[in-house]
Structure formats: C-alpha cells, structure tokens
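Lifted from TrEMBL, the feature list:
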{"type": "DOMAIN", "residues": "12-684", "note": "domain 'Myosin motor'"}
{"type": "BINDING", "residues": "Gly105, Glu106, Ser107, Gly108, Ala109, Gly110, Lys111, Thr112", "note": "ATP binding site"}
{"type": "REGION", "residues": "561-583", "note": "region 'Actin-binding'"}
{"type": "DOMAIN", "residues": "807-990", "note": "domain 'TH1'"}
Amino acid sequence: MEGSLTARDRVGLQDFVLLEAYTSESAFLENLRKRFHENLIYTYIGTLLVSVNPYKELGIYTKKQMDIYMGVNLFELPPHIYALADNVYRTMLTESNNHFILISGESGAGKTEASKKILQFYAVSCPSTKLMDNVRDRLLLSNPVLEAFGNAKTLKNDNSSRFGKYMDIQFDHVGGAVGGHILSYLLEKSRVVHQNHGERNFHIFYQLVEGGEEDLLRWLGLQRNCQQYSYLVQGECAKVSSINDKTDWKTVRKALTVIEFSESNVESLFAIIASVLHLGNVKFIADSRGYATLNSSPEIHWLSKLLGIPTQVIQVGLTHRKIAARSEEVLSPFTIDHAVYARDALAKAIYGRTFTWLVNMLNESLANKDSSRKTVIGLLDIYGFEVFNVNSFEQFCINYCNEKLQQLFIQLTLKSEQEEYEMEGIEWEPVPYFNNKIICDLVEEKFKGIIAVLDEECLRPGEATDMTFLEKLEEKMAGHPHFITHKLADQKTRKTLERGDFRLLHYAGEVTYCVDHVLTIFHLQVMRQSKNAIVQLCFPTTEPDSKKRPETVATQFKSSLVGLTEILMSKEPWYVRCIKPNEGKQPGSFDDVLVRHQVKYLGLMEHLRVRRAGFAYRRRYQIFLQRYKPLCPDTWPNWKGTAAEGVQCLVKHLGFKPDEYKMGRTKIFIRHPRTLFATEDAFEVCKHELATRIQAKYKGYRVKGHYMRQREAATTIETCWRGLKARRERQKRAWAVKVIKKFIKGFMTRNQPVSVDNSEYLDYVRQNYLTRLKESLPKTVLDQNTWLTPPPIMKEVSRLRMYLNSGLQIKGLTSSLFKGRKENYPHSVSRPFVDTRIKINVQTKVISFHAFPQYSVPVVKYDRNGFRPRFRQLIYTGTAAYLVEEAKIKQRVQFNQLKGVSVSNLSDNFFILHIQSEDIKQKGDLVLQCDHIFEALTKLCLVANKENCINVVQGSIKFDIQPGREGFVDFKSGQETMIYRAKNGHLMVV
C-alpha cells in the first residue's frame, strides 16, 4: 500500500483512512472517482473493502490473480476482493474462530458478483480431495439454482437478488471446505403476481418456458411463448438482451443433478412452477349475484393434474372462503376482486413455500455429516438501504434490516478498534458518531414501535385499512425526532430524507400485505389435499390454522433479523460495500450525485470517522522498519536490536513530533496521513540514491567475483595442464624405451622368418623404403633404370614393377588416344585390360587354321545394307583381324589393308574399320559395336603396330558399303540410348 502513495495524485489512495480531509464527502468522492477512472474499482477503509461496479470485464479475476493473492498480507498488494477473502481464510485457520463477510449495496451494485468471486476463490485456494471437490461443486452450483428461483430483472439490475442470503461455508482443521448452510430472508413474493413496467418475474419461469424440453413442456401443459402467461407479461419485457434463458436453463438442470435432486423431486418442482403460471391465467366470471364463479377450463385441468387436487376442490377453493357462523364453518363466496386477490395470495404462498423447501434441500445437500468441530466463514449478501418516491412494505423491511446491520456494523467496528488500542496499550479516545439505536427502537420497540403498531392494527377486530394504521402511528409517534408523515409535516419543515429517518411521507400503505394469512386459511386446507410431494411438505397437515393467529410478516422478519444478529455477533466481521456508479450501467460513467447518495446510506463516512478517530495508520514494527530503515544511517542496512527499538530510532531521526505517533506493544500508530506521506516521499527520494549505491556495490561485487573465479579457473587449468604434460612425458619415454628394444631385437633377427620379434622392424624397413621411394621416384613409371633397389624383404616389388610397366604402357597408349577426345573415356580408366574376352574353343579354331590369337572380344556387327545387327567375335592375330561366328570365319582383314579406324566423340561404343579395296566385288568397311571399345582399339594399335590409325570424329562418319558406294553413321546426344535406321538411310546412334 505504501508503495502506491507516490502515485496518489493520479490514482488516489488505496486506503481512505489515509485521506487528509477524512471528514469531507467531496474528498472521499474525488478519491473514489480517480480510482474508478483508472479501472481501480477496489479501495479499503481499513479492512473494509469498497467495490465500485465497472460494468465491464477488467481481466482481474483469473487463476493467475488468485495465485498472486494467496497467502499475502492484506496491504501488501493493491486492494482486491481476493485479498479480503484470503485474509479472512488465513485468519480463520490461524485463530480457529468463525468469521463472516457482509456484502451490501444497492441493487445493481455488484453484491451477487462479489459473493460469486469469493466462492470461486475458496474453490481454487482450499485443499482438494474427492469429498472436498464434491462439496465445492455443490457450493458453487447452489448459486445458479438460487439465482434462478430468487433473482429477477429489475429496472436497476438484470440479475437482481430479490431475497437476502446468508451462507455458511464450513471448513475442517486443514482448511478444506466440507459443508455449507444457507439462510434466506424476505423473498419478494409479490413479484410472482405483479411486476412494474420494465421488470420481469423470477428467472425460472422464463427459463422453463424458453429452455424446457418439448416433452417436459407437453407434460406440464405449457407453450413455448411467454406472452401466453399473465404473470410473465405485466412488465412488458419478457425478452432481455443480456439474459440467455435457454443457456441458463441448462445450467440449472446440470446444477440440480450435481446437487443430487431426485428425478421425482425435479418433476414435482417444475410441476409447481408450471401450476403458478396456469394459476395466473385463471379467469373469474360474475354470477347473477356478483359473486365469482369458475367454469371448467384448461387452466383448472392442468392445476388439478400438476398439483394432484380434484378439479371441484380447486374451483371451490378459488371462489370461496370459510367463515365461522355460530358453531360451525360455512363457505362464503368471493367477489371478483376478492377472488383475484385470493388467487394471487395463493400463487405467492405456493411459490414462497416452494422457495423455502428449495433452500432446505440445498442445505441437506451441503450438510456436513462429520460431527467434529468446524470453523465457519459466512457470506451475507443482503439488500441495501434504498429510498424511492413510493416505497413498498418490503422496502420498509429492507431499510429496517440495513439499520440493524448498520447498528451492528458500528458496534463491531468500535469494538474492534477499542480492542486493538487496549491490546497495544494505547489510551482509547471516545469516538463521536451517530448511534442509530433510536431508529431501530422506533421500528422494533415492544408495544411502541412501528412493527408493534402494525401488528396491533392487523389483528384488531373490524376492518383494518392504510388510513387507520397511519392514524394510529401519528397518535403514538407524534413528537419523535425521526418520524414524520404528511399530516405532521408542513411544507416549510419538510426536508430531504436522510438515512436513519423513517418518514412515512414516501411509504405506500400495505396493511393487507401483513394479513394474507387470514385470506388463505381455506387455501391451506385445499393445498393439503395435493398429491404433489413438494406441496405436501410445504403445506403440512400439522400447520396451525385459524385456531391460533400466526405471526405477521413484519414480526416474522423482525424475529429472523434477531436470529441473524445473534449469528453475526458470534463471528469476526469483514465488510464489502458495493457501489453503483451510474443508473445506466455504462462503463466509465461516474454519477457524483448517485454515488454520494450511496456513500451516505452505506455509512461509509461514519465508518471512516470511526477508523480515523485515533490514528490513521498502523503497522507492525517489523514491517515498518523493513520498509523505511534506509532513511536512517543507524538502521541501514541491518538493525541489530529489537524491531521496536529500531522504529524508535528511525522516527527520532525523521523528526516525528510526540503528538504525531504512538508506540504500541507490537505496532507503531501514526496519527496524520501527512506524516506518512512525508515519510513515503522521503523514501522515494532515498530509493534512487540507494539504488545507485546498491548498483555500485553490486557491480563491484560481480566484477570482483568474476575476477576471483577467473583466477581460480586459471590456477586449476595450469595445475591440470602441468600434470597432463608430466604424464604425457612419462608415457612418451616408456614408449620410446619399448620401441628401441623392439628395434634392436628386430634388427638382430631381420634375416629370419617373420615372427613377433622382427615383424615391427620389417614393417619399419618396408615403410622406410617406401618413404625414400616417394622422394626419389623415376620421372616415368616405365623407367627401368632409376628405381631404388629394394631390400631383401621386398623382392616382390620388382615383379610388381614389371607387371605395372606392361599394364601402364597399354593404359598410357589408351590415354594418348582418347583422353579429352571421347566422352566415356574416364569411365574406362579404372577397368583393367585383359588378353581375351571370349571362350577358348573359338580361339582354338583360329589357331588351328591360321595363327596364334593375341586378343579376342565379342562385338555386334551391323550389315552394310539395312544395318541389321549380328553378334560376332573379333580376334586379332599377328597379321590380321578376324570376324568370327561360332568358330566360323566370316571376314578377314589384313592389317596392311587397314586404312584406319573411326570413332565418335560421344559416349557410344561404335567404331568403323576402314578397309582398302579396289575390287567392286570385295566387301566394304566394317561397322562394329563393342562394350570394351577402348581395350579393343588399344590392342589393335599394338598388334597392328598402327598407333596413329585412330580417328575421333564429331557428328557423322562416312564409310564404304562397297567400292564406289558410300554409307553414313550419324551420332547425337540424347536421354535414352537408341540405334535405328533413319529416314535418310543413315544409321542413327543416340
């Protein structure tokens, strides 16, 4: 809280107790307005929380926000409903006592939402087990059920609670929610039969009609149209844009399931709701004597079916009443007006008692079966004090309730303040405040109060009217300083209605409201005949009837308030005051007049005066010293003594005057906010200087730490490196000794067969020879004279060299012929050449008839006419080349007649042997294809001794089909290999 004081000019103060002008309403409103326009809707008055409805989503109720406020002191973080809820919960666990949170305010101020947020916070923050989760779900889902049956759309609020609710949440010793209990107060039953313009009946009626399943509506005799039911259209706003009745219906059905309402109970409950709608549509007809009669109608039929009461009994019950005549009771018929009134009274009684049954069922579901001691947090969501131009009897009761709670509120606040002062050993100074006991006595005093006069007037013989009641009040209350009527007041003395004044200038007379029971005695007897299980419980046969007069509504409400007061007096109080910023539900709009009106009626200024009567600010010594100790050199950075002594030293250094503060046993009390503001402003300045010093110290600490770490790391690295070098040196020396020993032993056994002793030495000899050979290699591989003489162990090198010489000579010739000239030459380099590539028997045939073959290879020969391929073998001898088919010589070419050989520069395997011939009868040139073309042509050059006969051609090669007749072979590149005769008669090779 103290940290926010520096921004107080912009966002106001988080606690009204710190207002300098705490008696000024204008200053109070200005602070509230500043915070509201900054979307800061929560402000404290001590531990009381003031909440202003923002009428928009602020994003401050997330799971993350809940986590932030869990386990945090009330004033450590900005004001929030979660902060209050958490402190109530932790105080309950720490002190093992009971607490209650009183939530009050006008309709539309956000009381119901505040209650929901507290329940949601406890649902998340409490320990979780299967049982506790079950109780938590029931607690949360009791809200939508109670809202459906007890809330309605009013002019001020689309979801206005039309009853007071007190809910006890029971916790076990570890803080788990294990049960709950609900008390309801003064349900607005009159709304069932009448709604003002712009208002609706209770939500459940519209939810059932709009969201109910088709089968359910058919069974209940309802139509999916709210305009068909008299009780739903009087306010002329059955549809509301902010309410989705269909979705809410699903929520209610789910809630009833989780809360474990039986299917029969649910059916009976909805049957009652439907019967109220049918009852509102009942129309009366006057007979010849002017009395009300009922014909058989669909409404009577459905009432009979849904309530389980005979049709004739319903007709008589709605049109007659029982009166005592001499020694017996007789039925007396109603007039039309009386019948309508009696019908509405019955509808209100049915709905009111059903609501009571519903609350009892919820309590059964929430009941904790464990008898061990529990601590309790109560939530009291109660209607606020309001004054209208015309105020109903229910509003009278509501305002009376608020006066009682205000009386309790002031008493408990004063008591809390006084106890804290006494506990801290500080003298208590009497606080001047308005004691509204005189107002409460005016209403509730026995034999003299307004309620006593109302009861007397209701129960006296004769006809009681509004005027007789008013005359009786004027007779008994004349001269009371807080009572006035039109008759007692003249125009000059009338003034604005103040909180605490029960002036009857504005209250509408409703004496008949308090005597509904006289008209419904016969109705009770009718309802007791019902077969509906819930109606049977709501109208028991043991209920007292006309033999004993029951209490009036006012007396019942007074008694319930006494019971509520006793409950609250046994618990520690916490307060949430809800304020409505404007009538139009507009975000960002702040109506000063409306807010000032609520501040007055909520008693906020009164509460502030009580809290500020002595000292504006109080904190525990440890907290105060921890925050402000930088302001004093003696307390910074660490104080060695007790916290109280440190605070005393601190305030002395700051120059606090004796009348500005008091030292309690555990807390310091500061009288004026200006003293705290000055301290906080000084701390704000000090923080910058302190931050600079801390930064300098921290930077020095970091640099020094970095240097120390680097020095330590360097020392470690040096130590490790020296050790590593020493170990490596030792290993090298050991290795060297071992190598030398092996070398000597190997040298001594060098001429012996290879063994373990000389194998490494011989390897060394070989390696040494190869190393020397690398440095003195001959200029050509084929050089026979400059090779180094190998050692005896490497005699095989000579044989290898001879083999290499012959092979490399042939490969060298191939390179000189084709390297850089034919595309597929590089692929042939790694392939070794051989002396033959055909079977032995073919060569034998040639040997036997001609000469010894020096090379042979398979080829494909293409005919000169038509280019038909034929498989042949090509064999070289010392004088000629033979084309053979299965050992049969097909053609012989003498090397002295070979003019040359043509090949293409592409990657094909074709070559053409050009043959010298002048005889026209001789065969022409040979067109051959060979997979080993480079080997075959190189061998041809060597065997025929014609190294310059190879001609590499680009494009086309011309050849002689026969002397005087030419042919062509065309070569080109392509993606696929193809050989075919082209249209021009050439052989095309792709």
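Keep in mind that glycine also has a Cβ here, set from the backbone N, Cα and C atoms.
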Glu106 (ATP binding site), number of other Cβ atoms within 10 Å:
24
Give the residue from the binding-site residues Gly105, Gly108, Gly110 that has the most other Cβ atoms within 10 Å of its Cβ, counting over every protein chain displayed.
Gly105
Using all protein chains in view, find how many other C-beta atoms are within 10 Å of the C-beta of Thr112 (ATP binding site).
22
Count the residues of the region 'Actin-binding' (561-583) that DSSP assigns to helix (H, G, I), to strand (E, B) and to coil, and report the three numbers in that order.
9 helix, 8 strand, 6 coil
Lys111 (ATP binding site) CB neighbourhood, other CB atoms within 10 A:
27
Cβ-Cβ neighbours of Ser107 (ATP binding site) (radius 10 Å):
20
Which whole number is the mean pLDDT over the domain 'TH1' (807-990)?
86
Counting across all protein chains present, how many other Cβ atoms fall within 10 Å of the Cβ of Ala109 (ATP binding site)?
24
